[in-house]
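Enquirer: First the structure, then my questions, so here it is.
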Amino acid sequence: MGEGERFQLGTVGALTLSVVSSVSIVICNKALMSSLHFIFATTLTSWHLLVTFCSLHLALKMRFFEHKAFEQKAVVGFGILNGISIGLLNLSLGFNSVGFYQMTKLAIIPCTVLLETLFLGKKFSKRIQFSLSILLMGVGIATVTDLQLNALGSFLSFLAVITTCVAQIMTNTIQKKYKVSSTQLLYQSCPYQAATLLIAGPYLDKLLTDQNVFGFKYTTQVTVFIVLSCLISISVNFSTFLVIGKTSPVTYQVLGHLKTCLVLAFGYTLLQDPFSWRNIMGILLAMVGMILYSYYCTLENQQKAIEAAAQASQAREGESDPLINLEKGSGTVTDSVGHMSPVWSKDKD
């Protein structure tokens with residue numbers, strides 16, 4: 001199996017792991033929050049990150065991966081920014097209607113495209129832009145219902161979009177710049193993400209729910225679901241870094257909207273959630289956008305691979321031509337040597 005095939009197989013595995021784990025944790029958290037009334041989302045996320053760090057530390061001790069130190073400023077800044085973005089997304093949901101929150105999530109893709117174009121010089125073809133437009137339109141139709149605006153909620157949503165985009169772009173660029181794996185980056189940034197949310201989480205949850213997470217009655221059933229959620233989160237956090245590192249922040253967001261569609265479909269088929277033709281049409285349109293995005297990305301990656309191979313082949317031919325000509329007694333090489341001989345002789349004299 002060639003290196004390219006191994007990379008593609010790894011990418012497919014990362015995408016699959018991300019979808020399965022994310023859909024699983026949404027189902028688990030929905031049962032935890034809706035049925036068992038544990039509504040402290042930010043604090044729960046901090047526990048997720050803490051458990052993820054502990055599991056990675058154990059894996060490091062068992063030599064499943066190697067620790068690789070790199071610039072501490074980048075790690076600390078990245079970890080804190082990730083924690084802040086999670087907190088802001090939760091605040092955005094708390095201070096806005098569900099429909100406006102969904103619009104906030106939809107805005108992450110165009111914002112990421114804009115930031116990568118302006119600051120990283122990345123180019124997105126018209127085909128990719130078209131497929132992303134179809135995708136966003138479909139998800140919008142399927143998920144956005146009411147749009148109630150308020151100044152504070154809109155400002156929090158704006159901050160949430162910016163911090164999320166920057167954090168996801170950094171996830172990709174840090175892995176490439178410092179040549180660290182997704183596991184190494186997650187291991188080093190997890191403590192700072194967890195610390196940020198462990199400190200801020202109880203206050204944010206108190207602000208949003210008017211309840212104290214430490215005053216909640218933790219029954220056996222609630223505890224079991226919290227532990228299960230934390231265990232699934234290990235896979236969610238790992239696959240997030242893995243997908244962004246192997247693909248791009250935009251692809252990760254596209255994958256996120258696929259998860260949204262799957263969760264909606266799951267809720268309709270198994271949980272008998274309310275559904276309408278608008279939801280169905282939106283999901284189908286979103287799926288068309290995802291298929292087009294995947295198809296165009298594959299085409300462009302193949303084209304880049306062919307161009308890179310052609311350039312490498314030309315470079316090899318350019319290096320080998322003089323040797324071939326010399327062996328054949330080519331006039332060009334002979335003449336060049338003949339013209340240069342007197343110069344060498346003069347230098348020696």
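Easy rule for this one: first residue shown is 1, then count along the chain.
Backbone N, Cα and C atoms are what each Cβ position is placed from, and that goes for glycine too.
Taken from TrEMBL, the feature domain 'Sugar phosphate transporter' covers 21-294. The region 'Disordered' annotation in TrEMBL covers 317-349. The feature transmembrane segment is assigned by TrEMBL to 12-32, 38-62, 74-93, 99-121, 128-145, 151-173, 224-245, 277-296.
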Enquirer: Is it true that the transmembrane segment (224-245) and the transmembrane segment (12-32) have 3 or more CB pairs under 8 Å, sequence gap of 6 or more?
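Expert: Contact between the transmembrane segment (224-245) and the transmembrane segment (12-32): present.
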Enquirer: So which residues does the transmembrane segment (128-145) touch in its own chain, when a touch means Cβ under 8 Å and the partner is 6 or more beyond its ends?
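Expert: Same-chain contacts beyond the ends: 98-99, 102-103, 106, 109-110, 113, 250, 254, 257, 260-261, 264, 278-279, 281-290, 292-293, 295-297, 300.
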Enquirer: Summarise the model confidence on the domain 'Sugar phosphate transporter' (21-294) as a single mean pLDDT, whole number.
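Expert: Mean pLDDT, the domain 'Sugar phosphate transporter' (21-294): 91.
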